[in-house]
Amino acid sequence: MLSSNIKGVSNGFPLKIEVEKVVEKQVEINHDFLRNIFQKIDWKAFFDASKVMGFAELPEQAPDPSVLESDLEFLRKFHHALLELHLEEGALVCPETGRKFPVNKGIPNMLLHEDEV
Amino acid sequence: MSSRPELQAPPEIFYDDTEARKYTSSSRIAAIQTELSERALELLALPDDGVPRLLLDIGCGSGLSGETITESGHQWIGLDISHSMLNVALENEVEGDLLLGDMGQGLALRPGVIDGAISISAVQWLCNADKSSHEPRLRLKAFFGSLYRCLARGARAVLQVYPENLAQRELILSYAMRSGFAGGVVVDYPHSTKKRKEYLVLTCGPPSLSTAVPSGKVEDGESCSDDESSGDEENQVICISDRHRPRKKQKINKKGKGREWVLRKKQQMRRKGNVVPPDTKYTARKRKARF
Ligand SMILES: C[S@@+](CC[C@H](N)C(=O)[O-])C[C@H]1O[C@@H](n2cnc3c(N)ncnc32)[C@H](O)[C@@H]1O
């Protein structure tokens, strides 16, 4: 679910995360996928998101893409934060307006009220 | 299909718990949706390099189309407006990340992050005004604009749609073109009322080799080559690679939209609360060449 947290934007990015419950799921690691998505990640947002979800083992500064080839340990952590941590209950908060998008059963509710469209 | 679900209720109401379950447990529906999804993925023409991509499934429902994405080895984010459909997706433990949202309000995704998008049997819903605040044109614009932005340059979107009529198809296509997409419509089995299926194949970014629209499937024995009776308006591929073309086409059509179209437009305006003259036998009657 983290990928949608990272990418979910309403009229501001990144959305802040309010955590009530995080679940972990095991996902098979795939290097090609990680390599492809790495370049699209906003590292700061990703780092912060992982931290609030209770995973603080990522480097604060965006690492050089070459670590994807050389550092298996990093790859494992990146994979874990990206694909195995899921925000089950909580909210995503728009940094600009403070508007909260509730997350229930792992599904963020991004529906806008009529006056927000 | 007795009547179009689109005409019965807004999607989030139509696809309630009962309908979501009925929809997902029907093996007939599952077979059709799977076939449509497989074809959409084929038209998406992702590079055949074994790299799993991040795809978007718009109107993912209970995940029938998403399962096809998973089977082809890609990751996906699914968006749907129906809570009940997404709940069934959760029950079925689909692999995709689910979002509750309305495509007509625009997709809340960061620019350039999606490698490809599919949508199976969903986008035609945008042509309805289900609430007084709904303006189909604005919703189509918000949808295609945000879709264009969230796709990586050169990425494709393949949208299988059931437009109610020619006007709806034109409307959808024209908003896609206005948002900057190149592409056109691929029609599979154009001569069969039952099997006929339409796919909008859109490419993000400047036209290139990859924006050429592939050709549609035809029934065995039917030929799709040049010797096919031409002049028939049911082409397999309506290719519009230049985004000014639909507008020109619209102008030509202006004269002959017909009574049905006018009546529908008037009904639409009435629904919006506008004052509209009553329908009479004179409505949209052809004028004499000189009067
Ligand atoms: C016929 S179902 C197809 C579901 C799925 N793609 C499949 O192949 O089984 C159409 C779906 O589109 C969704 N839908 C309709 N309008 C929508 C909108 N404005 N935003 C998001 N989803 C919408 C409906 O809730 C429904 O789940």
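Even glycines carry a Cβ here, placed using N, Cα and C.
TrEMBL annotations:
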type     : residues  : note
DOMAIN   : B:56-157  : domain 'Methyltransferase type 11'
DOMAIN   : B:202-289 : domain '18S rRNA (guanine(1575)-N(7))-methyltransferase Bud23 C-terminal'
REGION   : B:212-291 : region 'Disordered'
COMPBIAS : B:221-235 : compositional bias 'Acidic residues'
COMPBIAS : B:244-257 : compositional bias 'Basic residues'
COMPBIAS : B:264-273 : compositional bias 'Basic residues'
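Helix first, then strand, then coil: DSSP counts for the compositional bias 'Basic residues' (B:264-273) stand at 8 helix, 0 strand, 2 coil.
Counting residues of the domain 'Methyltransferase type 11' (B:56-157) by DSSP class, helix then strand then coil, yields 40 helix, 28 strand, 34 coil. Within the model, the domain 'Methyltransferase type 11' (B:56-157) carries an average pLDDT of 95.
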